[in-house]
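> Residues or ranges marked as transmembrane segment in TrEMBL: 35-55, 67-89, 101-122, 129-152, 242-261, 268-290, 321-342, 348-369, 438-462, 468-486, 498-520, 526-546 (among others). The domain 'YrdC-like' annotation in TrEMBL covers 633-828.
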Amino acid sequence: MAQVCSLHVSIGMITISGGSLLLLVHNYASSPEKAFIPNTALGILLLIIAVLLAYAGILRSLSHGRLFATLCLTLSALWCGSGLVYILAGQNVLQPLELRSALIPGLAAFTLALLIIGSVAVIEKKTVLFLIAVGISLACAHQIAGLVAAGFGQSATAANYLLVCLLGVYFGFGRLLSTITHGKVVPPGTSRQSKTGVKTEQNQGCSDVASVGLVMNLLSASVLACPLLGVVPTLFVGHVPWLWTAGVFQLGACVLLYRAMDTLGATFYGFVALLKFAEGYSALLTFYGIQTDSPVPFPVVFSLLFFTLALFSFQKSFLEGLYHLFFVAYCIALAVEPQGFFQAGTQGVQGAIFVVSAGMLSLTAYNMVSTSMVPTGSGYFKALVSRLQKITLRAQDKEQHSPYLGYSKYADAEVLGHACSVLAAFAMTATLGDRNPLSVLVLPWVVVAGGALQLLCGSVAFSRGKSLESTVFILYGMMWTVWGLTRYAGLYGETRGFNLAVGIIGFILFNSLVIVAAMFLNLAWFAYALTFQLILISFLLDALGVLPFGYDIGVTILFGVVSFYCFLAHLFNSTFQVPQIPLGKPLIKLSGIGGGSKVCPHLPARKASSVQQIAGENQLRPDSKNRRIEKRINSLLTFSEIMKNGGICGMPTDTVYVLVAACNRPEAVVKAYNVKKAAQDRPMSMWISSIKQLEPVRHLLSPLLLDFMEAAWPSSISMVIPRGPWMDIFGLGDAAKHIGTPQSIAIRNPDCTVATYLISQVGPIAVTSANPTGEADTTHHNQVYAKLGNKVDGVLCDGASPENIASTVVDCTKIETGHIGFFRVGIIPKTKVLKIFEEVQRRHQQGQTNPAFEYDLVLPSTQREANPANKA
């Protein structure tokens, strides 16, 4: 793992040196009359470098190299925006005199951002990061000077990039050489333990992703505040690359914050990304001479959403909640001034956001790497709630985002998904009249908020195993995108009639299925799907030219209100444990498979507490006929206790999922056999946690066999051994007939922590694959739940199986003859098994046996009975 992280650092450093070398050559060799590298080529090369830097930054972020990841992503955004501006200039979208106005706002923002990052690096004695950040910051400052006064500062810009280039080459290739040689060759100053190196920060309270999001807020605020300060004449098409770069990076921050289980942070950066795309859209239309008009309802609704989010953000920190309130003021400014982004009031608020974002960036970056954090008021919200009666704050940890089934790397995205529906719905209430559809600022709200962000939320929901939620968000995202582009991008025209109606009818039919499915989830989702159906009907009536006056606005507002309720409920319920905003019960509930959480307990298998404890209720079934639950117990039972009480469970292994029962509970073994409906040629097997569980019967087993077991286990190797009276000691009783054949049984010690821990608690277990006979092996806990959910007493969830191949089954019935066979060659190759056996044979031929076992001489039964020592 350390080598992989070091490789990420090497990639980042080498990429930084490559970008610096490119700009070094361009600035040193260019003149005011002619650029050394054509603008289009320069822009494309910068984009390629930006992509590589983003890759290194994201991977390093996931490895917790936070300050370095922040630097990589910041430089990626800088060179991405610059590259796009150069491409516009190279394609003559921007005139030579406009290049100055296009570059200065972005360069100014990154000059300050990199200076802040460099300051934090020097405080924490990260010399390499300090030199890189400050070097590029000074290069940007000198580049601004060169744009203001032609030819001034170009040599200084090149000199700064030269320093960064040399540093990046030395450090990057030094770390790469250290990785390739496995630490044998380490150039001075490039060791991971060096103070000048890039260290891994351990502070989990602050996120590098949030720092990058703040840099993007700084960037967009700089672009919009510069016209107010007279730095540039006005907002125009040259600023679109900066604004949309900020939007794209904030969408990336949104996804990474979902991965960090930070729903509030992800929702906030999803919101501000919408603003960046709308700002860029308004700037883009100036190229076509179109002045946008911001409709009043949407900014007001957006300010309400921002305000609600700000209130709940106070639970993270007091300063973060205050910071979000600035965006509430920004949305109110948009609602007050029709020409929103182009007017002084809105730009003045952005100036304030610029100052506050710089302060928040400094604070967040410092707290991210420092052991002595600056107070941000993180405990005020909790202290206030603790004084209120009948209100319990939910613990803010990753476990609250554990999916209903299994294991997920992402938090819930329903808050952002429903908020996007609110935005898209109220944006659609704007009336066009005789105006150009593009001039009314609706398209970005519908296409980006209702479309792109809902597709993102659908993807996150899909990764969490939420089939209905992901289907809804993806379907609605597609509908908002298609309808928004059709109606507000000038594609609709005067087209009406049957052809257009057919497509809308298709959406209506799909949504009808969604409505039926939502009836099995809860009342809120049913109302959400049903009101969207009314919107689809309004689209259909409009396509046919028979839309009643006011119907579309009415149903859109109704859908917006329902969406806002769902948004507020999910936000409130994820913050407070008591009370809860009701989402309603399912209108229809099925029993048995798919009937809900009462089918059987299930928790992530990666947590030891999941094996030890089933949170919530456990159900006792009186017999093997799987009758409805007759008694609920309030105490917490462990999986081991379930099995000790005669229960059967599905669990993951080192191969596929299996169905298990304790050998000392014969009725459970019979129950598992009946549930499986095992065929005679597929009997159950016996599993142990270690070979020491065979200690009571070791004198009845072959020394060569025991040594072979010791050498081969734990692994995905099952051994078929002769059946004998030694099985009686495990308490199988009459159920022993279901394990193995009359001549032999299969025994195994799995290479799986969960399985071995459980077996160590309950003793040897009887095992069969967790699927009805004749069906394919189950390779995911959802398959176990779907096939056997109403027939088992618990399921340990661990997502997809690490391997989709079954174990290798070795015939050891004639091992004393020096030969083994194979019933099935699975995940362990035949050659590997034979190599292990030959090594064990060689040791035995040399008189060596496993020191863990000292075999007694097995005396005849008459002598054992006569020996007093045996009687003792």
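Even glycines carry a Cβ here, placed using N, Cα and C.
Automated prediction, rather than curation, is the source of TrEMBL annotations.
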> Do the transmembrane segment (67-89) and the transmembrane segment (348-369) come close, with at least three CB pairs under 8 A (pairs 6 or more apart in sequence)?
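Judged by the Cβ rule, the two regions touch, with the required three close pairs present.
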> Mind checking which residues reach the transmembrane segment (268-290)? Cβ under 8 Å, same chain, six or more beyond either end.
93, 213, 216-217, 220, 223-224, 234-237, 239-240, 243-244, 246-248, 250-251, 253-254, 257, 302, 305-306, 309, 313, 324, 327, 330, 340-342, 416, 419-420, 423, 436, 438-439, 441, 443-445, 448-449, 453, 456
> When you check the transmembrane segment (348-369) against the transmembrane segment (101-122), do you get at least 3 Cβ pairs under 8 Å, counting only pairs 6 or more apart in sequence?
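Answer yes, regions in contact.
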> Between the stretches 35-55, 242-261, 321-342, 468-486, which wins on the count of C-beta pairs under 8 angstroms to the transmembrane segment (101-122)?
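By the under-8 Å Cβ criterion, the transmembrane segment (101-122) pairs most with 242-261.
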> For the transmembrane segment (242-261), which recorded stretch in the set 35-55, 321-342, 438-462, 468-486 gives the largest number of Cβ pairs separated by under 8 Å?
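The stretch with the most contacts is 438-462.
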> Averaging the per-residue pLDDT over the domain 'YrdC-like' (633-828), what integer do you get?
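Here the mean pLDDT over the domain 'YrdC-like' (633-828) amounts to 82.
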> At a C-beta cut-off of under 8 Å, are there same-chain residues at least 6 beyond the transmembrane segment (438-462) that contact it? List them, or none.
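Those are 251, 254-255, 258, 270, 273-274, 277-278, 281-282, 285, 288, 290-295, 298, 340, 410-414, 416-417, 420-421, 423-425, 427-428, 430, 432, 469-474, 476-478, 480-481, 483-485, 488-490, in sequence order.
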